[in-house]
């Protein structure tokens, strides 16, 4: 995109992150004692490793699927692993997930997420104010239903404006890295849709600097959510504070055309904070990060797989063309096509493609913190858990299970289509799975912005496939960078370039 700075998918590698974590352990002399824990009666099998603090982290981050499958064969579906200073009990049987997600009193997501927000975004009040927590989560309802329809209408207008002012003017082949292109595109559309327009005379410079600072912050994010003391993360803390200053209550109020959810968040935060409290900006940073951090890499992977699979691109373009013809819409110079949420949902091939992309690249985990010593009943077995430990469900094992998905490593755009409709029936061990793709979490931790994110991906893919010629340049296969393990959509482990130009329309 014009005006976009170079953005690579070069997130900190797992070994670099673990190296810094290991250095931090030198400051904590008692950490070695943590590895001396022994298994008590009725507790799950315990896998500690020999490295102080790190435990089994090196093997886990190198190849998490193989690591967990190996332990599953050795110890069964439930076991505890010592990882980076934490004891995490994995429950790998998908038919037992409900026993973890439906016990919020003893297995809490809220306290875990509040601590994460305190360190990653400097939102401290959520740790102690349950009323604020409830009000913040209640506001997320404005990302569903009719408010979501209004957001989609705004998004369409923002896409139209951005494409017509910049991208449609590119009539000769232009080469960019896919991740950089997707990052700039998703950032600008998302920010304008949610926060409105910056009215200052130097608005292009302001949004460009905010975008670049956000990308730097996001690259640092795995460090921020680690156990490394914030005092050792001076660059990360400095970037965090810089963005917070750009999103103060006063500066957000000066933006024109804010979405209803941003207005609601502004109003409710004023009830809990002074008008000039910097923590209001910290809340906005957390909300902005949640709106972008997984959509950008998901959009990258969607473009990457579609460009590498001509049959997918052809099927998607055929579906879009058929829809436009059925609704009397015509393609031509300028953005003239329009979609409602119901119409986007009706595009079965597009829905299947996005689900397949999320299945392949999502490594999110459902995490709960044990609030008290307890017994976790899993059908015929019961395990003792200790206060302060964590319980994790790991959906990538389902996503990559050959019993559930034939050839799970392959990209198949039509995997979720059956007889021209969405396929929703998948089995394991002869039993139907209630949920078979879980990129957005489960239960109380399910991403509230999932519909917004998927609709944005659908809309952008439609516009790119309709109005542009697209070709991949780097045809080498790439893999996943696992430095964001547990955090959602993984980044690629290397850069990939493509070229594009606006289609020429004959009158």
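Just so you know, glycine gets a Cβ as well, placed from its N, Cα and C.
Per Swiss-Prot, the listed range annotated as transmembrane segment is 287-307 (candidates: 224-244, 245-265, 266-286, 287-307). Note: residue 447 (heme binding site) has non-local neighbours 290, 294, 440, 441, 453, i.e. same-chain residues 6+ apart with C-beta under 8 A of its own C-beta. Under the DSSP three-state reduction, residue 447 (heme binding site) is assigned to coil, being neither helix nor strand.
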